[in-house]
Amino acid sequence: ITMNTLNQQYEEKVRPCIDLIDSLRSLGVEKDLALPAIAVIGDQSSGKSSVLEALSGVALPRGSGIVTRCPLELKMKRRQEGEEWYGKISYQDCEKEIEDPADVEKKIRDAQDEMAGVGVGISDDLISLEIASPDVPDLTLIDLPGIARVAVKGQPENIGDQIKRLIQKFIKRQETISLVVVPCNVDIATTEALKMAQEVDPDGERTLGILTKPDLVDKGTEETVVDIVHNEVIPLKKGYMIVRCRGQKDITDKVSLTEAIEREKAFFNDHVHFQTLYNDGHATVPKLAEKLTLELVHHIE
């Protein structure tokens, strides 16, 4: 099932809101009027890019180390069944249409190299990627660089602070919903991304947690993960979702995004511990897409 499960009524309510926000943002109204946005943050290797990739249906730059080197605004617009896929990338004074979904990753890498320098720096400038297709939800997300603990060769010593400063700039605004991506195989309480979200949003009013990599969960900690998603460990007003996206092996094995959604559903459906989360509507990427769209609308209202 693609995103077509999103109710028509939200389609009618959501689309006008999102179009309005996008056009205001492109007119530069941002400066005087704070527009609602969803910012995606996570420690490095949290599975952030995989979540965005699953939502957008296109491959984004991924790998170890700093992959997202500039803020990437991902504008997704849902098209009618049968309509063509459309893509466009804009940054600085440059705007290019993208013919083929397979070219997106390279175009983003080129744009990042142009803006942040080839290699290892980061930049505050926004790259905007617009995608229209029958298979995406109506959503605009801003992907921010992963939080790095230590600088690698060639990076400025203070790269960690630079990234934090950049993230802070986005998430401290009251209009921003922070999407905090945390893998199931780490202790959520120690993740830097959640700490940062808590600093700017102590009551968890506008923070939503996403747990990734449930297939890598340490044996014996599954029930803790269930408790986290049930909002019983670190409560957030917007709660938690759990997803399983393509890992490196799936990509090597050429598992398509559509196939990955089927596999994800089967994974949760058959999982002794996580099945309840699936039944409660707390699991899978399509459910996440639905929740994000609703959250954005509530936030706008």
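Yeah, the Cβs are placed from backbone N, Cα and C, and that goes for glycine too.
Lifted from Swiss-Prot, the feature list:
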BINDING   42-49, 143-147, 212-215  GTP binding site
DOMAIN    32-301  domain 'Dynamin-type G'
REGION    42-49  region 'G1 motif'
REGION    143-146  region 'G3 motif'
REGION    212-215  region 'G4 motif'
REGION    244-247  region 'G5 motif'
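For the binding-site residues LEU144, ILE147, the greatest number of Cβ atoms within 10 Å around a candidate Cβ is found at LEU144. The sparsest Cβ neighbourhood within 10 Å, among the listed binding-site residues (GLY42, PRO214), is found at PRO214. In the structure shown, the C-beta of LYS48 has more C-beta neighbours within 10 angstroms than that of any other entry among the binding-site residues SER45, LYS48. Following the DSSP three-state reduction, the secondary structure of ILE147 (GTP binding site) is strand.
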